[in-house]
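S.K.: Have a look at this one before I ask anything.
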Amino acid sequence: MAGCGEVSHSANMLPTNKKLDEPCSNNAPSLSVPECAICLQICVHPVSLPCKHIFCYLCVKGASWLGRRCALCRQEIPEDFLDKPTLLSPEDLKSASRGNGEYAWYYEGRNGWWQYDERTSRELEDAFTKGKKSTEMLIAGFLYVADLENMVQYRRNEHGRRRKIKRDIVDIPKKGVAGLRLECDAANLNLARESSADGADSMAALGDSSSQPAHVLPARLHTSLSTTTSQVLSHSDVTTSLENSFTQLQIGDPVINRNYIGEEGRPLIIARMQATNAVLEEQEPSDRNDHGSPALQHNSFLVPQSNRLPFGNP
């Protein structure tokens with residue numbers, strides 16, 4: 001880089017009254033609005049990156065689509081910078097939303113209308129007043145065509161996606177200017193982001209799901225985890241009663257069933273019951289009440305009257 005007083009290609013850029021051998025002055029007046037190194041024009045809604053380089057907001061937006069890096073130093077741009085940019089003059093955004101004239105130009109958004117930036121609005125208004133059918137606009141590094149007859153815009157090399165445009169008064173409700181939200185919309189946007197970032201939305205979803213009835217676990221898992229001792233005992237009692245029922249119905253080995261018939265052609269169990277009754281009659285009444293009755297009741301329970309085998313030969 002050539003220093004002061006050295007001949008270089010930038011010598012022609014010096015003022016005519018400035019000599020090459022004069023020392024450089026550091027008190028040169030600085031521009032109130034910086035120039036953008038991307039579009040090479042005066043910055044429109046200038047923003048400052050973390051690396052302190054300044055560009056147009058739309059120029060940074062277009063460059064971030066190609067790669068999230070500064071166009072000068074290649075430092076990485078934060079992911080949320082486009083949502084929360086650092087504006088050099090936020091007051092300019094408010095004045096731009098109020099407009100300089102009676103009418104302004106808008107393009108259609110997802111849930112409302114966006115106002116064009118001041119430079120693009122001047123180009124559209126100039127083409128409209130001159131009666132042109134279309135005009136070209138450079139927005140965020142892409143060349144767009146504004147069809148003033150059908151009031152739509154599209155990229156010059158991509159006609160598939162079209163967006164409506166309109167010329168309307170300045171005071172209509174709008175989302176913002178050139179992708180920059182106004183304060184009311186930005187507050188709602190930040191609130192929505194905070195709700196999704198701190199887990200409030202997910203917690204609310206969990207709260208809604210907790211009000212729904214819980215899924216029933218399988219029967220076997222429920223029994224193994226929450227069965228009490230009394231339930232286990234009742235289960236064993238049921239099993240015992242089933243076995244007794246099978247015994248009463250004489251479901252078992254057929255060889256055992258054949259042994260129920262005695263030698264005299266009477267059922268063997270009945271003969272034993274008669275012998276037991278004879279013994280009980282010889283005992284004292286107290287003994288009969290203490291011992292005989294339970295035995296008799298037990299035998300009667302084992303072989304009901306309805307299940308006795310008929311008399312006959314085996």
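Just so you know, glycine gets a Cβ as well, placed from its N, Cα and C.
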S.K.: Hey, Swiss-Prot has glycoprotein bound by TYR107, ARG110, TRP114, TYR144, ARG163, LYS175. Any idea which of GLN75, GLN153 it lists too?
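M.R.: Looking through GLN75, GLN153, the residue Swiss-Prot assigns to the glycoprotein site is GLN153.
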S.K.: How many neighbouring Cβ atoms, not counting its own, are there within 10 Å of the Cβ of ARG110 (glycoprotein binding site)?
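M.R.: Around ARG110 (glycoprotein binding site), other Cβ atoms within 10 Å: 6.
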